[in-house]
Amino acid sequence: MHSSIKCSSVNRRMINWRRHLYTLLFYLLVPLLLMRLWWRGRKASGYRERWWQRFGFVAVVDAPDKPKPLWIHAVSVGETIAIAPLVERLLGDYPALPIIITSMTPTGAERVQALFGERVLHYYCPYDLPDVICRFLARVKPRGCLIVETELWPNMIAGCQRAGVPVMVANARLSERSAKGYLRLAGLAKQMLSGLTLLVTQHQSDADRFQQLGMPADKILVSGSIKFDIEIDAASQAQGRLLRQELGNRFTVILASSHEDEEDQLLATLSPLWSHYPDLLIMIVPRHPERFESVCQTCFGYSANVVRRSEMSRITPGNTTRIYLGDTMGDLMKLYAAADVAVMGGSFSNVGGHNPLEPAVLGLPVIMGPHYFNFSAISDAMTQAGGMLLVPNMAAVAELLPSFVEVPSAVCEAGAKAASYADSQRGALDRLYQEVTARLL
């Protein structure tokens, strides 16, 4: 035993029948989870690394001369980027405070390392099993837990509650689709939410859905999205400008954070435009690195003139390079800074879209497909502001682009509206910071 946290029988008598059933099913799935880690590790070796941390076997945090650490859980890359400004502020204002960040994916782990290096500790998040959570808490002894966005796990929250560790959720969102899923397990969801100290939501619609699930209104704060407070570092912008100079006056559209089949959809609809617009350059940045090779093959199926960023190849003179593949990690902001228009991946497959604010703050007009439920409120508002275009399919993207290529002022105008909208919504980070320091530190 590494602390006074009581783990005897993992307090199973306190687990109601719903969570008991959920836990039993989770235990039965453990062999499959291990097989999945091994299987995914074929293409992304990070899934096979530090696997024991997922069972709570992390280094014991035992430094009597230091404050207890703050535990921040950010499931993957997007959540890590979103919470990064808060972490930077905490590191600056509380230099003695240890911060532990957990994630589920190797890409999330890589982003933590790239952003913070040795200034924070990183572990893979423990699986949501009572003994695993108890082991993790006993070794880490956190002063508080901050969950980013939607990673709500019943045993994690219950374990923190039993150990006296306050839990906050930052930048919380709950789509109508997800709310319906939780309603099927209303009893379990209500008990889980009751263990939270505070739920800080992005929008009133999110707050309303959480209340429908049983979250008390006095434990909900609507503060806006911290993703509006994103700061693009000067180095990324400078490297983006250098790439832009390399591109010259070529009109460049970027498909960002793309998922399976979206690259094929885009290239099938845009490649015919090359006969009319030979200067058109298509950038593609896949969401998951394990797909880089297969996406590269897809690109070569449409043109032999493909440049891979990972090979440090330069764009060929003139307009011979047709496709620029962003097959490196951590460079999306640089590529946004070099592009003219952003097409959001994940919105042309049933993923729910990805963060449109990243290109918006750089002054890019954004094109979003029909599946944008992860960013519905932001997308609707940005569309009303004139900075986003919602389209039903990739064919509509091909119909839109000629007007942008032929009227550059339309691109500038829409991009300015996107940037203006993003700037007008800043401030959520300050409100979240006040709550975190008051309740968790």
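Any Cβ shown, glycine's included, is placed from N, Cα and C.
Feature annotations, courtesy of TrEMBL:
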- 21-39: transmembrane segment (TRANSMEM)
- 49-230: domain '3-deoxy-D-manno-octulosonic-acid transferase N-terminal' (DOMAIN)
- Glu79: active site, proton acceptor (ACT_SITE)
- Glu149: site 'Transition state stabilizer' (SITE)
- Lys227: site 'Transition state stabilizer' (SITE)
Can you give the mean pLDDT for the domain '3-deoxy-D-manno-octulosonic-acid transferase N-terminal' (49-230), rounded to a whole number? 94
Counting only residues 6+ away in sequence within the same chain, which have a CB under 8 Å from the CB of Glu79 (active site, proton acceptor)? Ser103, Gly108, Val148, Glu149, Glu151
Among Glu149, Lys227, the one of these recorded sites whose Cβ has the fewest neighbouring Cβ atoms within 10 Å: Glu149
